[in-house]
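Shown next, in structure tokens, is the structure this report addresses.
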Amino acid sequence: MGEQEALRKIITTLAVKNEEIQNFIYSLKQMLQNVEDNTARVQEDLEGEFQSLYVLLDELKDGMVTKIKQERASRTYELQTQLAACTKALESSEELLETANQTLQTANNHDFIEAAKQIKDSVTMAPAFRLSLKAKVSDNMSHLMVDFAQERRLLQALAFLPVPSTPEIDLAESLVADNCVTLAWRMPDEDSKIDHYVLEYRRTNFEGPPRAKEDQPWMVVEGIKGTEYTLAGLKFDMKYMNFRVRACNKAVAGEFSEPVTLETRAFTFKLDASTCHQNLRVEELSVEWDATGGKVQDVKAREKDGKGRTASPANSPARVVQSPKRMSSGRGGRDRFTAESYTVLGDTLIDGDDHYWEVKYDRDSKAFGVGVAYRSLGKFDQLGKTSASWCLHLNNWLQVSFSAKHANKAKVLDVPVPDCIGVYCNFHEGFLSFYNARTKQLLHTFKARFTQPVLPAFMVWCGSFHVTVGLQVPSAVKCLQKRNSTASSSSSLP
């Protein structure tokens, strides 16, 4: 039995090895075929390039020969015209000369005087005395000669295109700001053959040098003509981005540059569907008020639970999958918001630095609010009605009003109501500012002393909204906040 088992292992090993050899043979055959195909392709391309060069040379030759022929025709015409005029003048002059000789032999004095006068008048008007004896054009054609010595050297230097050098990314000239990344690079040596560059980037949460394998794929930007490129309108939902670039000439692409990692710090969070009001339907970062409440959710909860217990606002299941890393940030075990507190909170605490996010709401919403709240906010508490929350509130029902609310105090805002609001929160300095997300107009600023971490907070009644996260603090907002921090805001609630 032992020998049979050993033989079986040998057979298995041989079979595996045979399969490997067969695969390698197939690979070699495929490479041989590729060599033939690629040879035919590059040879065809080479012949095409030379043919286009021949055509160009023929066209240049035809143009230059035509120029020479035109110059010959023009000069021939001028010289022939001048020759004809001179010949005619010479004939006329010879006739006058003969007439003058005959007149000298005239014996009659009266006839001589009359004839001499006629000859004098004829000489005065003779073409021979009004004719220029200088050729109008030159017979020198040396200005049409060519010297192709330089072009000949260029042609003799023709060679196959070299592989472009590897670019070097210049981190000092690269910039991450306003959810844009400007990447700059340079070539180690000047290369006039480079046609364009290819930039690749991917998102990652790994801080160190780029790894060979990542969950996120490389995104490709082709056809870049310069040595700088700006990626605009990015959403920074991961902490870092990897970048690499390579140069391409007409025929071949060079090696990618050494990848670099840039930090893309931005505030990201999800909406805590497990504690939101039953009348709010949460899908990712979108929320819609649902008059049916949690009835459908309760049925699904019982079906999923299988225990037959009655679902309640306290034990209704989350309507979106929560990130395990964020679960601890929310109010674990708290009741859902209920009654008229149509509230949903973010799942990530703010306890430092400055953060920014935007929310776009449906203008037909009867009521909408956005701000921040302590996680101790009561389940019956409406945003801005207690000292645990700060918000901007829009009321479109019965009477339209736009106001800033905190601790049950409200300040009516005399500004146009935007459909997209940017929220800036600086925890340490106690600033909570609201902006028109499109124009960056400051709408209102709360100056507060936060005694505990806060959460992004939203409310909506008979309407909907969508939150955009992964945004950096815009440069315009930073500039306004710097000025705001040097003076107390006149628009702050007491």
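The backbone N, Cα and C atoms fix where each Cβ goes, and this holds for glycine too.
As written in TrEMBL, here are the features:
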- 83-110: coiled coil (COILED)
- 297-308: compositional bias 'Basic and acidic residues' (COMPBIAS)
- 104-161: domain 'COS' (DOMAIN)
- 163-267: domain 'Fibronectin type-III' (DOMAIN)
- 288-476: domain 'B30.2/SPRY' (DOMAIN)
- 297-334: region 'Disordered' (REGION)
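The average per-residue pLDDT of the prediction over the domain 'B30.2/SPRY' (288-476) is 83, rounded to a whole number. Per DSSP, the secondary structure of the domain 'Fibronectin type-III' (163-267) breaks down as 3 helix, 46 strand, 56 coil. Residues 116, 119, 122-123, 126-128, 131, 133 of the same chain lie 6+ residues outside the coiled coil (83-110) yet bring a C-beta within less than 8 angstroms of a C-beta in it. For the domain 'COS' (104-161), the DSSP counts in helix, strand and coil order read 31 helix, 0 strand, 27 coil.
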